[in-house]
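Note sheet for the following structure.
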Amino acid sequence: MTKQQTSVMRNASIAKEEREGSDNNNVDRSSSDAISDNDAERSNSHSEIDNESNFDMVPYSRFSHKQKMLLVVQCAFTGFFSTVAGSIYYPVLTIIERKFNITEELANVTIVVYFIFQGVAPSIMGGLADTFGRRPIVLWAILAYFCACIGLACAHNYAQILALRCLQAAGISPVIAINSGIMGDVTTKVERGGYVGLVAGFQVVGTAFGALIGAGLSSKWGWRAIFWFLAIGSGICLVFSTLLMPETKRTLVGNGSVTPRSFLNRSLILHVGSVKKTLHLDDPDPETLEPRTSVDFLAPLKILHIREIDILLSIAGLQFSTWTTHQTALTIVLSKKYNLSVAKIGLCFLPAGISTLTSIISAGRYLNWSYRTRKVKYNRWIKEQELQLMEKYKGDKNKVAELIHSNSHYAFNLVEARLHPAFVTLLLSSIGFTAFGWCISVKTPLAAVLCTSAFASLFSNCILTFSTTLIVDLFPSKASTATGCLNLFRCLLSAIFIAALTKMVEKMRYGGVFTFLSAITSSSSLLLFYLLKNGKQLSFDRIRANDKSAGRSVGKNSEKVST
């Protein structure tokens, strides 16, 4: 049987979700962008094929639904240790303050430095993952984190705590950005929102319930127990990742069917018969390999040079930093105003944790539904437009294709599909945070504090799912680098707000602080209207500029289809 015959037979079993929203007679209008002239990640901005490569009869990804779900579990497991390391520390903040005889501001610095390194590291390591592959960078990250946690568990002074918190954050934080890259490697736009939502949802379990875990461990065995817990857990994660995590970077493995050359990128799971059969490792699709790119440490700056991306990152960053400031304030207030024990403080994070988990997973599922619905309507509309143009130009297909390719009016509005519900969620969370601030300021009953915290958390992190999914859509081959920029914004803004929290409370009280933060966040959300109105045109113009600078005719070249 020839390779062509085998390919035809394989395509008879392509999953329905990998065909949904596609139409081989039309051309995609995804607002994807390249961050440099030589980047091969430009999408074919005018192909109706949302989910497959340019090569006929070859699926975009060989990973089955079950294998994608296993990747979700793998990403969530590693991502959990990145998110939990921040929140698990909150219940012992006042204990650290007393243990090392430091001020509240110095205790907050241990959180600030964590966020600084959590923001900076992914911007660097994400670029390495986009070049050398996801697997080796993830393994290095877990190993560095594992060593830092052991050091923290054995620390004897404040300086050691501070330095090792920096290493801990720098080590593990890149996995959040890399996880987005992994999902971009193996999923299509029509299904991506759900998978990204699942990964983000399970990752946020660490943030949502870390304080509860930390309170339970520290109240039973002392503050060092939280770091021993992280060391043991990350050690187990390192073993499983070494054995089971496959490489997904499309420059190295294509659609998953190509065996990577370097042993660092090869997992033992590739030797399992069922995996070899599903991925077609014995009958690969080398044509799906994307061109290799060199390491570009300036890639984040190129992404940050894009106006609409800056707006999106600012909005998401301000929202996340308000949420993390609320967590820090909750810890301090429950300990010093409400005089609760460490164990009870942990329990008080449960309502916000459940709300956060619910919101992120629900947001991902909503994005899938929204994308499919809008894409179906768009498909009908563009077919009608093509028929009208064919009549107008008397059946000149080339003329019609050129007109559609060169006019943004006919482009699918991916920005609107991903961001249209964001304004409502941002507004509701701002109301919740304002109410939370005044509740703790006047010391209302604890139930009111926890209810406002839960309400604000229910809507505050939706923007992370929306923005992460859109960023992966726009930069499928640089997803780790692009998502690292999101981490940079949200973590550095969090560091600034938390560092200033004590001083702001002295001047404005908690009510004034959260009214101020909510006002900034809700004001920034007005920029969403600019994105929703102009995002499609801005992305379209940027693609034209990049194509012209590379000497290509817009939409008429064999560029890679955005996933």
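Using the three backbone atoms N, Cα and C, a Cβ is placed for every residue, glycine included.
Relative to the membrane, Leu162 and Tyr510 are annotated in Swiss-Prot as lying on a common side. When Cβ distances are compared across the two stretches, the transmembrane segment (446-466) makes contact with the transmembrane segment (196-216), since 3 or more pairs at least 6 residues apart fall below 8 angstroms. Within the chain carrying the topological domain 'Extracellular' (157-165), a Cβ under 8 angstroms from the stretch's Cβ atoms is held by residues 96, 100, 102, 106, 109-110, 113-114, 117, 148, 151, all 6 or more beyond its ends.
Taking Cβ pairs closer than 8 Å, the transmembrane segment (422-442) reaches residues 315, 319, 322-323, 326, 329-330, 333, 337, 359, 363, 448-449, 452-453, 455-460, 462-463, 466, 509-515, 517-519, 521-522, 525, 528-529 in its own chain, all 6 or more past its ends. Mean per-residue pLDDT, taken over the topological domain 'Cytoplasmic' (1-75), amounts to 52. Contact between the transmembrane segment (342-362) and the transmembrane segment (225-245) is not supported: fewer than 3 Cβ pairs lie under 8 Å, counting only residues 6 or more apart in sequence. For the transmembrane segment (512-532), same-chain residues at least 6 beyond its ends with a Cβ under 8 Å from one of its own Cβ atoms are 308, 311-312, 314-315, 318-319, 321-322, 325-326, 329, 415-416, 419-420, 422-423, 426-427, 429-431, 433-434, 436-438, 441, 497, 501, 504-505.
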